[in-house]
Amino acid sequence: SKLAALFEHPLYNIPVPEVTEKDKLFVVNPMEKFSLRSSGSDEWVSSSKAEALLPTGKTAYDTYPTWLKFHIGINRYELYPRRDPLLPTLLRDLATQRIVSSVQKSGGTQLKLIMTFPNYGQALFKPMKQTRDQETPIDFFYFSDFERHNAEIAAFHLDRILDFRRIPPVSGRLVNITKEIRDITTDKKLAKTFFISPAGNVCFYGECSYYCSTEHALCGKPDRLEGSMAALLPDKTLAKRRSWRSPWRRSYHKSKKAEWELNPNYCAQVRETPPYDRGHRLLDLIDMAILDFLMGNMDRHHYETFEKFGNDTFLLHLDNGRGFGTHSRDEPSILAPLQQCCSIKKSTYLRLQLLATQPYRLSDVLREALAADPLAPVLAEPHLQALDRRLGKVLLAVGHCLAR
């Protein structure tokens with residue numbers, strides 16, 4: 001396994017700083033237990049009154065559902081640890097746990113659903129909108145592109161392979177539109193949009209600002225539909241997040257250019273603007289630009305951080321559905337933060353160099369990681385090949401900076 005060998009490499013074993021209580025997103029009462037609501041039920045209930053005795057050698061933490069352990073593990077430095085024993089279980093839960101509720105997520109330009117499991121865990125479901133081998137038409141603007149379910153899955157694994165670990169876990173899943181959405185939804189607006197197509201397939205389109213109409217309906221075969229299931233982050237009432245506008249945000253106008261596209265010295269003014277004037281925030285933003293360039297994602301207008309940690313923490317790489325839309329061409333403008341600032345974390349650079357070598361080739365390790373997903377193959381082969389080409393261009397850009 002190239003993937004296992006990669007994660008054994010010394011560059012993937014650089015220790016994170018010691019995590020103190022103030023570095024944890026949540027400080028939990030170690031005596032708080034979760035117990036089964038009734039015998040034979042798969043519903044969990046938080047209970048301080050649960051039986052005082054736990055099975056020998058078990059702690060209260062052992063009674064928590066996996067999604068809760070994931071939330072408790074988030075700290076200032078990472079969303080989840082490198083060798084996270086929870087990850088396989090969490091991905092399996094996303095792919096297989098019974099869905100007890102499906103409602104449309106408010107906001108956003110395209111249809112997404114929030115799905116709830118019996119143990120109160122929740123996932124964000126993005127349905128399949130196009131096949132693996134369909135490329136984004138060359139005349140499409142980036143802001144009118146479809147969001148792709150398989151891009152969300154591939155982005156999670158790519159982010160982990162780059163050792164960023166800033167995207168919440170995502171699994172593919174085949175959903176039954178009838179039993180797992182239509183029959184159990186309490187969302188009246190969503191319920192009104194179901195219909196049977198002339199081909200006899202179950203379809204729905206929901207309510208949103210783009211692509212929510214009968215012409216853009218999502219249809220099953222006859223009621224089976226692929227989608228991505230992303231583990232939800234803790235509720236914002238429990239863990240506030242701050243949204244930051246990216247300095248390299250695109251203009252989102254069909255003819256106007258953004259300032260960074262016109263001013264070659266743009267980075268100099270970014271470096272003088274908080275929070276980019278100190279700490280590692282700018283370097284984290286460059287990490288994100290590299291991730292976006294590798295998957296061809298032009299739609300990174302904002303990013304988020306956990307408010308509790310202030311400016312000294314990682315960036316959350318959320319909403320990656322517009323990645324992996326094209327494999328036949330690259331978008332050099334995505335790399336503007338790297339090219340204009342000529343800065344990169346040493347650890348990121350060394351890992352990129354490693355992923356360009358034959359034993360750890362990026363396309364090979366990502367292909368291997370995606371092979372375990374329920375919807376494999378997740379990416380068409382040309383997209384994997386494009387990763388190696390783009391990685392070469394990132395290293396070339398760093399080379400130009402070093403030469404300068």
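Residue numbering: from 1, along the chain as shown.
Each residue, glycine too, has its Cβ placed from N, Cα and C.
Under the heading active site, TrEMBL lists ASP299.
Other Cβ atoms within 10 Å of the Cβ of GLN110 (ATP binding site) number 20 in total over all chains. Under the heading ATP binding site, TrEMBL lists GLN110, LYS126, GLU147, ALA230, ALA231, LEU232, LEU233, GLU304, ASP319.
For GLU147, ASP319, the entry in TrEMBL reads Mn(2+) binding site. Of all Cβ atoms in the shown protein chains, 23 besides its own fall within 10 Å of the Cβ of ASP319 (ATP binding site).
According to TrEMBL, the domain 'FAM20 C-terminal' annotation covers 194-403.
Cβ environment of LEU233 (ATP binding site): HIS71, ILE74, PRO168, ALA239, ARG241, LEU316 lie under 8 Å away, each six or more residues apart in the same chain.
Separation of the C-alpha atoms of ALA231 (ATP binding site) and ASP299 (active site): 21 Å, rounded to the nearest whole number.
Counting only residues at least six positions away in the same chain, the Cβ atoms of GLN110, LYS126, LYS129, GLY321, ARG322 sit under 8 Å from the Cβ of GLU147 (ATP binding site). Residues GLN110, LYS126, GLU147, ALA230, ALA231, LEU232, LEU233, GLU304, ASP319, recorded as contacting ATP, have a largest CA-CA distance of 20 Å. On the backbone, the CA of ASP319 (ATP binding site) and the CA of ASP299 (active site) stand 9 Å apart.
Cβ crowding, taken as the number of other Cβ atoms within 10 Å, peaks at ALA231 among the recorded positions ALA231, ASP299.
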